[in-house]
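Quick look at what Swiss-Prot annotates:
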BINDING   83, 86-87, 91, 93-96, 111-119, 123  5-phospho-alpha-D-ribose 1-diphosphate binding site
BINDING   83, 114  anthranilate 1 binding site
BINDING   95, 229  Mg(2+) 1 binding site
BINDING   169  anthranilate 2 binding site
BINDING   228, 229  Mg(2+) 2 binding site
């Protein structure tokens with residue numbers, strides 16, 4: 001089996017670390033069996049040579065092995081809405097707002113998230129600001145999914161082995177393979193996913209990684225204005241896995257009868273501002289927040305196979321917002337999480 005030194009040499013020579021070797025290497029890193037210096041060197045080497053689909057798939061497989069799983073009985077219309085973050089756009093939590101709308105329209109959501117690292121407000125930060133208890137056990141998350149159709153999995157609770165890697169990542173302070181592994185390692189094993197990424201190259205890579213990991217319907221998006229969401233301010237690159245086949249294409253707001261609007265008005269300074277904008281969208285206040293949430297929730301409903309198309313999904317999302325069902329879903333979710341305090 002490959003040694004850490006051999007793995008580093010491969011990276012320096014821009015050669016691939018093969019699947020079984022990567023499994024072995026990642027298990028060692030996750031268990032703290034490789035020194036911090038060597039682990040940091042390998043993570044840097046992988047980034048410089050550019051991680052391959054095979055390397056990312058193997059690394060994600062190991063993270064899933066080490067995760068505390070969430071028990072879910074009914075997996076139909078079950079979807080994760082997640083972003084890699086790191087897009088530098090500092091917008092409000094669009095995917096978190098979209099989760100309540102999609103759930104109100106019939107999807108089941110298993111959202112996997114954390115506190116903000118590069119963003120002003122991570123999904124965990126805004127959910128806490130809304131009154132959600134994020135410190136649930138895997139069993140309690142499963143119960144929330146049963147009761148409300150939504151589960152939020154706070155990453156540190158579900159990935160305890162990351163404690164061996166966290167200090168290394170923090171000291172390095174640069175992007176590593178772990179930045180793209182989070183969205184691939186849903187502890188509830190959601191078979192469908194809407195994933196936003198921070199770089200156009202990742203669209204084709206991540207959708208093919210999801211294919212290798214056995215996803216059913218995966219939609220990976222990158223807004224050409226730099227957003228890790230479906231954008232209103234520019235075209236969005238899409239990688240879609242459906243029925244075992246991968247397609248890559250572009251979508252535009254106008255395709256769905258939406259006006260192209262700059263995302264500048266979506267920027268926030270902290271979790272409190274993000275909460276206010278999220279509530280605007282859910283309570284049907286006309287404006288860009290409501291429009292971008294309708295677009296992303298609609299795409300999530302298509303990914304969850306609740307809607308036949310993104311257009312159909314947007315229509316369902318708008319209905320969920322206008323009827324008050326999305327706001328009620330948020331209130332229901334807050335109550336469900338608070339019962340475990």
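Quick reminder: no glycine exception, Cβ is built from N, Cα and C everywhere.
Sequence features annotated in Swiss-Prot and their locations in the structure.
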residue: 83; record: 5-phospho-alpha-D-ribose 1-diphosphate binding site; CB count, 10 Å: 25
residue: 91; record: 5-phospho-alpha-D-ribose 1-diphosphate binding site; CB count, 10 Å: 24
residue: 95; record: 5-phospho-alpha-D-ribose 1-diphosphate binding site; CB count, 10 Å: 25
residue: 112; record: 5-phospho-alpha-D-ribose 1-diphosphate binding site; CB count, 10 Å: 26
residue: 114; record: anthranilate 1 binding site; CB count, 10 Å: 18
residue: 115; record: 5-phospho-alpha-D-ribose 1-diphosphate binding site; CB count, 10 Å: 16
residue: 169; record: anthranilate 2 binding site; CB count, 10 Å: 18
residue: 228; record: Mg(2+) 2 binding site; CB count, 10 Å: 28
residue: 229; record: Mg(2+) 1 binding site; CB count, 10 Å: 28
TODO: Out of 114, 169, 229, give those binding-site residues positioned within 10 angstroms of residue 95 (5-phospho-alpha-D-ribose 1-diphosphate binding site), comparing C-alpha atoms, in sequence order.
DONE: 229
Open item on the list: Tell me the coarse DSSP state (helix, strand, coil) of residue 95 (5-phospho-alpha-D-ribose 1-diphosphate binding site).
Closed with: helix
Open item on the list: Helix, strand or coil by DSSP: which one applies to residue 112 (5-phospho-alpha-D-ribose 1-diphosphate binding site)?
Closed with: strand
Task: Inter-residue C-alpha distance, residue 228 (Mg(2+) 2 binding site) and residue 83 (5-phospho-alpha-D-ribose 1-diphosphate binding site) (nearest angstrom) - done: 6
- [ ] Find the one among the binding-site residues 114, 169, 229 whose C-alpha lies closest to that of residue 91 (5-phospho-alpha-D-ribose 1-diphosphate binding site).
- [x] 229
TODO: May I ask you to report the DSSP-based helix, strand or coil state of residue 169 (anthranilate 2 binding site)?
DONE: helix
Task: residue 83 (5-phospho-alpha-D-ribose 1-diphosphate binding site): secondary structure state under DSSP, collapsed to three categories - done: strand
Open item on the list: Can you give me the Cα-Cα distance between residue 114 (anthranilate 1 binding site) and the residue listed as 'anthranilate 2 binding site' in Å, rounded to a whole number?
Closed with: 15
TODO: Tell me whether residue 229 (Mg(2+) 1 binding site) sits in a helix, a strand or coil according to DSSP.
DONE: coil
Open item on the list: Looking at the binding-site residues listed here (83, 112, 115, 169), whose Cα lies nearest to that of residue 229 (Mg(2+) 1 binding site)?
Closed with: 83
Task: Pairwise CA distance, residue 112 (5-phospho-alpha-D-ribose 1-diphosphate binding site) versus residue 169 (anthranilate 2 binding site), rounded so that it is a whole Å - done: 19
- [ ] Work out how many Å separate residue 169 (anthranilate 2 binding site) and residue 115 (5-phospho-alpha-D-ribose 1-diphosphate binding site) at their Cα atoms, rounded off.
- [x] 15
